[in-house]
Amino acid sequence: MESLGATVKKPGSTVKNKTGSWRTFKPVLDKDKCIDCDNCILFCPEGCINREHEIDYDYCKGCGICAEKCPVKAIKMEREK
């Protein structure tokens, strides 16, 4: 089976309803560790990470997939304050 990569251009399926308030943990990127592999962008189910690796916290639900898929552990999940 062949797979095709894709990214979501707009965050979330409901642009009008910001869903970031659902989070318990949020991803925090250490840009010094980042190797620009773009796994975080490709695997984010909400499309909350842009090409500059900025995270749109208005829509990020804190699922942690970006941190899990980062090969150099440049993304850490931190508890919301």
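Note that Cβ sites are derived from N, Cα and C of the backbone, with glycine treated the same way.
Database features, via Swiss-Prot:
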| type | residues | note |
| --- | --- | --- |
| BINDING | CYS34, CYS37, CYS40, CYS70 | [4Fe-4S] cluster 1 binding site |
| BINDING | CYS44, CYS60, CYS63, CYS66 | [4Fe-4S] cluster 2 binding site |
| DOMAIN | 25-50 | domain '4Fe-4S ferredoxin-type 1' |
| DOMAIN | 51-80 | domain '4Fe-4S ferredoxin-type 2' |
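The average pLDDT the prediction assigns to the domain '4Fe-4S ferredoxin-type 1' (25-50) is 97. Spatially, by CA atoms, the binding-site residues CYS44, CYS60, CYS63 include one closest to CYS70 ([4Fe-4S] cluster 1 binding site), and that is CYS44. DSSP assigns CYS63 ([4Fe-4S] cluster 2 binding site) to coil in the three-state reduction, placing it in neither a helix nor a strand.
If you take the Cα of CYS60 ([4Fe-4S] cluster 2 binding site) and the Cα of CYS40 ([4Fe-4S] cluster 1 binding site), they are about 12 angstrom apart, rounded to a whole number. Comparing CYS63 ([4Fe-4S] cluster 2 binding site) with CYS37 ([4Fe-4S] cluster 1 binding site), their Cα atoms are 19 Å apart once rounded. Across the domain '4Fe-4S ferredoxin-type 1' (25-50), DSSP classifies residues as 5 helix, 6 strand, 15 coil.
Between the CA atoms of CYS66 ([4Fe-4S] cluster 2 binding site) and CYS40 ([4Fe-4S] cluster 1 binding site) there is a gap of 4 Å. With a 10 A radius on its CB, CYS63 ([4Fe-4S] cluster 2 binding site) counts 18 other CB atoms from all the protein chains. Around the Cβ of CYS34 ([4Fe-4S] cluster 1 binding site), the number of neighbouring Cβ atoms within 10 Å comes to 15.
Same-chain residues that are not part of CYS34, CYS37, CYS40, CYS70 yet have a Cβ within 8 Å of the Cβ center of the [4Fe-4S] cluster 1 site turn out to be LEU29, ILE35, ASP36, ASP38, ASN39, HIS53, CYS66, LYS69, PRO71, VAL72, ALA74, ILE75. Mapped onto three states, the DSSP output places CYS70 ([4Fe-4S] cluster 1 binding site) in coil.
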